[in-house]
Amino acid sequence: MSSPLHYVLDGIHCEPHFFTVPLDHQQPDDEETITLFGRTLCRKDRLDDELPWLLYLQGGPGFGAPRPSANGGWIKRALQEFRVLLLDQRGTGHSTPIHAELLAHLNPRQQADYLSHFRADSIVRDAELIREQLSPDHPWSLLGQSFGGFCSLTYLSLFPDSLHEVYLTGGVAPIGRSADEVYRATYQRVADKNRAFFARFPHAQAIANRLATHLQRHDVRLPNGQRLTVEQLQQQGLDLGASGAFEELYYLLEDAFIGEKLNPAFLYQVQAMQPFNTNPVFAILHELIYCEGAASHWAAERVRGEFPALAWAQGKDFAFTGEMIFPWMFEQFRELIPLKEAAHLLAEKADWGPLYDPVQLARNKVPVACAVYAEDMYVEFDYSRETLKGLSNSRAWITNEYEHNGLRVDGEQILDRLIRLNRDC
């Protein structure tokens, strides 16, 4: 661990750190390592206090930890009693980030083998090595948002004695459910969001239909040179499960045309809203977070056939898709094209190890408090409740007050409520 120069932000002492960990934790003596990045936060007036640690695990997979710009939200509440570690999970942010150029020297099989080491089990083993450096004599606590909550359940399965408290927000994993089952449930949620969106903004349907027809008939290029297709337009529904997303999407559509031509500003906005070129791990590993001893076989693509309303054709009303990954993306997105063969190999890989230990979770003694969002588009509510039935010492706050991004919207209040829930106060 190195300790570069710290800085102070809004009364917070911030210090970046780098950690070296094995690429493959099953082969720790292998010489191949990766570098992880984390940022520790502590209130400046409490630097000399003996504070417990809280590790924040970001959602995704494929996104780095937040870059704080103020003492607010959940960070403000956490810093009242914790030192916080914002960890860029392996392959994201500043932690040996995955991109096509990094893997260009490898053949597709080698690329797939390399990428297979970036799931939750490896992320958790990274975190445990870091805990042994930062808090060797004491367990630490976790705050897991979305996929970060999935990682937290993996942590509870592998290293329960290393944890003091766990807080999950929109992140109770569908343990025991296949990728097919997950997408079957989330497609229904996406269909519900489509109905709600077009009911709220009826005029948007005609604009979306016109856009789809225009993209089908014309070779439209984004500012980066990538062709914009109907399928990519459908993916603008990725954020429909977040508060404020309906308005953002409507305003995007509203400004799409200038007369008969597309507005250049619209094209820049669409490009900025696509995370797959900047965060390729999101596309490569998304289905694999649901795989234990089975291949995904492009589950979202196969299950989509059960929802014909989501398959656009001329003369049909347009509908958006959600958080689904499709094989065609590796033929259209510029940063995914070089990883196409590796992605197909990973989709056919069946010998994935376990991510969770249901027996250990059933006898769990670590207090776990969960915010479960009843209308979550990304993490199926019914499957979360199933998992909670098998997770001892857990308490759930079930609410429809927030969407999946509740922690970002009202993090101070949500974390405070979960802390009180865990401690019976």
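Cβ coordinates come from backbone N, Cα and C, glycine included.
Listed in Swiss-Prot:
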type	residues	note
ACT_SITE	Ser146	active site, nucleophile
ACT_SITE	Asp351	active site
ACT_SITE	His404	active site, proton donor
DOMAIN	52-315	domain 'AB hydrolase-1'
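For the pair Ser146 (active site, nucleophile) and Asp351 (active site), the C-alpha distance works out to 25 angstrom. Annotation for His404 (active site, proton donor): spatial neighbours Ser146, Gly170, Gly241, Ala242, Tyr373, Asp376, Met377, Tyr378, Val379, criterion Cβ-Cβ under 8 Å with sequence separation of six or more.
The domain 'AB hydrolase-1' (52-315) scores a mean pLDDT of 97 in the predicted structure. Note: Asp351 (active site) has non-local neighbours Gly293, i.e. same-chain residues 6+ apart with C-beta under 8 A of its own C-beta. The Cβ of Ser146 (active site, nucleophile) has 25 neighbouring Cβ atoms from other residues within 10 Å, across all protein chains displayed.
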